[in-house]
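Per TrEMBL, ATP binding site is recorded for Gly32, Val33, Gly34, Lys35, Ser36, Thr37, Arg138. Taken from TrEMBL, the feature Mg(2+) binding site applies to Ser36. What TrEMBL records for Asp54, Arg78, Gly100, Arg157 is substrate binding site.
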Amino acid sequence: MSDAALPIPASTEADILSALGARSIVLVGMMGVGKSTIGRRMAARLKLPFVDADTEIEAAAGMTIPEIFERHGEAHFRDGEARVIARLLEGGPLVLATGGGAFMREETRTRIAAKAISIWLRADHDVIMRRVRRRADRPLLQTADPEGTVTRLLTEREPIYGKADLTIASRDVPHDKIVEETIETLRAHLCGEQAAPPPPADVASAGR
Ligand code: S3P
């Protein structure tokens, strides 16, 4: 068979976009797991808009998240967060990075299930601690024992994050590797197939 007769493989991105329709892709998981970084790169790959829910909440409130917590308290922040996410989900398809607590609210999970595919970026305690130390503006971690707080939040939240449609292990590898895995897992989920296993070594090295 000549090369010209070989079928052209459909693009992964086109497969995902067509299976997604009007639904969005929503990234959930703890602070520091890379939801915004991975989300932004996925959106660029898929040519979809990227929105960070925390940034939208700050714009809607006209103040930063630490200011919202300080002036109005966490419950007020959570109500605003749920409203902003509900609004954003009406405007899909887009890639949405949510704040670490957003998926804890049942009403938000129900909306996400109706309007999106959810992906839990899961990282272990040490990875999270290393990353959250780089930023001092997370109100929930302004405690005498941030490590203990992260442990407690992980215990409370992991069973809920586990309700997401897909789970990806976020770890200390280049971001593009996580993006690649996420895109492939998403394609397999949407197209009803197994994620493609890595090629065997002899195929991977063929033609070199
Ligand atoms: C929070 C996570 C933060 C932000 C707020 C509360 C949480 O977002 O929404 O500080 O409850 O885990 P990131 O997950 O983007 O840091």
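The backbone N, Cα and C atoms fix where each Cβ goes, and this holds for glycine too.
Location within the structure of each feature annotated in TrEMBL.
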residue: Gly32; record: ATP binding site; Cβ within 10 Å: 22
residue: Val33; record: ATP binding site; Cβ within 10 Å: 28
residue: Gly34; record: ATP binding site; Cβ within 10 Å: 22
residue: Lys35; record: ATP binding site; Cβ within 10 Å: 27
residue: Ser36; record: ATP binding site; Cβ within 10 Å: 18
residue: Thr37; record: ATP binding site; Cβ within 10 Å: 16
residue: Asp54; record: substrate binding site; Cβ within 10 Å: 20
residue: Arg78; record: substrate binding site; Cβ within 10 Å: 16
residue: Arg138; record: ATP binding site; Cβ within 10 Å: 17
residue: Arg157; record: substrate binding site; Cβ within 10 Å: 18
Report, in whole Å, the straight Cα-to-Cα distance of Gly34 (ATP binding site) from Arg78 (substrate binding site).
21
For Gly100 (substrate binding site), list the number of other Cβ atoms lying within 10 Å of its Cβ atom.
21
Cβ under 6 Å from an atom of ligand 1: which of these binding-site residues qualify? The list is Val33, Thr37, Arg157.
none
Residue from Asp54, Gly100, Arg157 whose C-alpha is spatially nearest that of Val33 (ATP binding site), among the binding-site residues:
Gly100
When you look at Asp54, Arg78, Gly100, Arg157, which the record names as binding substrate, what is the longest CA to CA distance in angstrom?
18
For the ATP site built from Gly32, Val33, Gly34, Lys35, Ser36, Thr37, Arg138, further residues of that chain with CB within 8 A of the site's CB center:
Gly29, Met31, Ile38, Ala97, Leu121, Arg131
Tell me which of the binding-site residues Asp54, Gly100, Arg157 ends up closest to Gly34 (ATP binding site) in space, Cα to Cα.
Gly100
Rounded to a whole number, what is the top Cα to Cα distance in Å among the residues the record ties to ATP, namely Gly32, Val33, Gly34, Lys35, Ser36, Thr37, Arg138?
17
